[in-house]
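K.L.:
Sharing the feature lines straight out of Swiss-Prot:
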type	residues	note
DISULFID	C57-C62	disulfide bond
DISULFID	C90-C101	disulfide bond
DISULFID	C95-C110	disulfide bond
DISULFID	C112-C121	disulfide bond
DISULFID	C129-C140	disulfide bond
DISULFID	C136-C149	disulfide bond
DISULFID	C151-C164	disulfide bond
DISULFID	C216-C221	disulfide bond
DISULFID	C236-C252	disulfide bond
DISULFID	C374-C388	disulfide bond
DISULFID	C399-C427	disulfide bond
DOMAIN	41-86	domain 'Gla'
DOMAIN	86-122	domain 'EGF-like 1'
DOMAIN	129-164	domain 'EGF-like 2'
DOMAIN	210-451	domain 'Peptidase S1'
CARBOHYD	S92	O-linked glycosylation site
CARBOHYD	N254	N-linked glycosylation site
MOD_RES	E46	4-carboxyglutamate
MOD_RES	E47	4-carboxyglutamate
MOD_RES	E54	4-carboxyglutamate
MOD_RES	E56	4-carboxyglutamate
MOD_RES	E59	4-carboxyglutamate
MOD_RES	E60	4-carboxyglutamate
MOD_RES	E65	4-carboxyglutamate
MOD_RES	E66	4-carboxyglutamate
MOD_RES	E69	4-carboxyglutamate
MOD_RES	E72	4-carboxyglutamate
MOD_RES	E75	4-carboxyglutamate
Amino acid sequence: MAPQLLLCLILTFLWSLPEAESNVFLKSKVANRFLQRTKRSNSLFEEIRPGNIERECIEEKCSKEEAREVFEDNEKTETFWNVYVDGDQCSSNPCHYRGTCKDGIGSYTCTCLPNYEGKNCEKVLFKSCRAFNGNCWHFCKRVQSETQCSCAESYLLGVDGHSCVAEGDFSCGRNIKARNKREASLPDFVQSQKATVLKKSDNPSPDIRIVNGMDCKLGECPWQAVLINEKGEVFCGGTILSPIHVLTAAHCINQTKSVSVIVGEIDISRKETRRLLSVDKIYVHKKFVPPNSYYQNIDRFAYDYDIAIIRMKTPIQFSENVVPACLPTADFAKEVLMKQDSGIVSGFGRTQSIGYTSNILKVITVPYVDRHTCMLSSNFRITQNMFCAGYDTLPQDACQGDSGGPHITAYGDTHFVTGIISWGEGCARKGKYGVYTKVSNFIPWIKKIMSLK
């Protein structure tokens with residue numbers, strides 16, 4: 001009986017096995033879905049290791065919280081996370097004028113230096129004319145706490161309040177033909193060095209110099225005027241200021257009995273083509289001190305106030321080859337123009353110290369020389385109405401016959417008269433500079449004379 005009972009129990013157990021298996025084990029499809037995961041959990045060893053950004057966020061994709069655990073600093077976490085999510089928005093250096101860029105998610109923020117604003121710090125807040133000339137193309141003045149721009153005669157202020165728009169084709173200071181050529185054709189600026197003290201000269205030369213200049217092509221020096229004496233000879237230069245006014249040096253006027261003017265010429269040997277313009281009146285500054293005069297020996301100095309204006313009988317006809325230079329304001333000339341590297345001088349004077357005058361108009365660029373160096377270089381008094389320009393070692397200068405001619409300084413595309421060729425000690429001598437009448441000191445006088453009927 002016992003063996004039969006044991007057999008029944010074994011059969012019953014074997015019959016129940018398939019049902020038990022189906023209750024304990026899931027089907028493979030369901031089991032795979034249940035066990036699927038995207039990231040394994042850190043092992044106990046990993047959890048106790050110090051945070052490592054490469055392990056947490058480079059080898060695997062991490063969350064912001066995991067990054068924070070690594071840096072343990074909110075600011076560092078934000079900086080990392082902004083780049084981690086969508087790249088560095090500051091990599092292209094979008095902030096202008098040395099602004100500081102801070103990356104964000106899908107954006108960036110620029111922190112601007114004082115006087116700058118805008119998303120990219122691209123807008124300059126010009127609250128002073130001393131900062132970039134107040135962003136003015138021509139003249140700047142301070143009105144209350146802001147800057148106000150204005151333009152030279154024959155220009156209109158642009159709608160942006162900064163630019164200057166020429167009213168006509170022949171507005172002052174426009175060098176149409178040379179605009180894209182001047183930089184390539186003129187010598188590079190040469191830094192002046194300390195002047196060499198030379199043996200004392202007996203007298204300053206009343207007419208200074210264009211030595212080793214370049215030919216000025218037709219229309220590239222359109223403000224150049226030439227003064228002709230009663231013999232038909234060139235004896236001085238001048239600067240066209242208006243249809244009826246030519247600026248020149250006072251010492252030129254007492255060199256001849258009569259004066260005629262030529263404009264628009266670059267080759268004065270062709271007498272058959274040149275047209276002499278008649279002079280109506282000449283205004284010489286009443287304080288001008290001629291050389292070897294009574295006043296020179298008392299309390300004034302030779303060639304001080306060396307300025308004169310010629311009034312024409314008939315208006316000068318402007319063209320591409322004949323354009324007046326712009327007259328600056330006194331502040332603009334002193335604070336902006338005369339702080340440029342260099343100016344431009346031109347003329348038909350001697351090409352060597354003892355050479356002949358040139359039939360071809362010559363032009364050179366001459367660097368401004370600081371006043372202290374200027375005074376050390378000369379054996380003669382440099383007054384407040386004078387300034388120096390030129391090279392102390394490079395043999396380039398103006399020379400006899402150039403006197404009265406233009407010293408021009410460009411600002412942007414506009415050319416302003418800044419000086420009058422006045423005097424020098426020889427021509428292109430080592431350690432010596434050309435001396436020019438400082439036009440900025442005479443703006444009121446010039447305007448007064450030009451306003452006379």
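In case you wondered, yes, glycine gets a Cβ from its N, Cα and C as well.
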K.L.:
Mean pLDDT for the domain 'EGF-like 2' (129-164), rounded to an integer?
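P.N.:
Computed over the domain 'EGF-like 2' (129-164), the mean pLDDT is 92 on the 0 to 100 scale.
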K.L.:
Within 10 Å of C164 (disulfide bond) by C-alpha distance: pick out those among the recorded positions E60, C62, N254, C374, and say none if nothing qualifies.
P.N.:
none
K.L.:
Checking your reading of the structure: which of the recorded positions C57, C62, E65, S92, C112, C252 lie inside a 10 Å Cα sphere centred on C129 (disulfide bond)?
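P.N.:
Within 10 Å of C129 (disulfide bond): none of them.
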K.L.:
When DSSP states are folded down to helix, strand and coil, where does C112 (disulfide bond) land?
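P.N.:
Note: C112 (disulfide bond) is coil by DSSP, not helix or strand.
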K.L.:
Using CB atoms and a 10 A radius, I'd like the single residue among the disulfide-bonded residues C112, C129, C140 with the highest neighbour count.
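P.N.:
Answer by Cβ density within 10 Å: C140.
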K.L.:
I need the most crowded of these disulfide-bonded residues: C57, C110, C136, C164, C221. Count other C-beta atoms within 10 angstroms of each C-beta and give me the top one.
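P.N.:
It comes out as C221.
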K.L.:
What is the one among the disulfide-bonded residues C216, C388 whose Cβ has the most other Cβ atoms less than or equal to 10 Å away?
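P.N.:
Max Cβ neighbours within 10 Å, all protein chains included: C388.
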K.L.:
Go ahead and report the DSSP secondary structure tallies for the domain 'EGF-like 1' (86-122): helix first, then strand, then coil.
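P.N.:
DSSP classes over the domain 'EGF-like 1' (86-122) add up to 1 helix, 10 strand, 26 coil.
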K.L.:
Looking only at the domain 'EGF-like 2' (129-164), what are its DSSP counts of helix, strand and coil residues?
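P.N.:
Per DSSP, the residues of the domain 'EGF-like 2' (129-164) fall into 4 helix, 14 strand, 18 coil.
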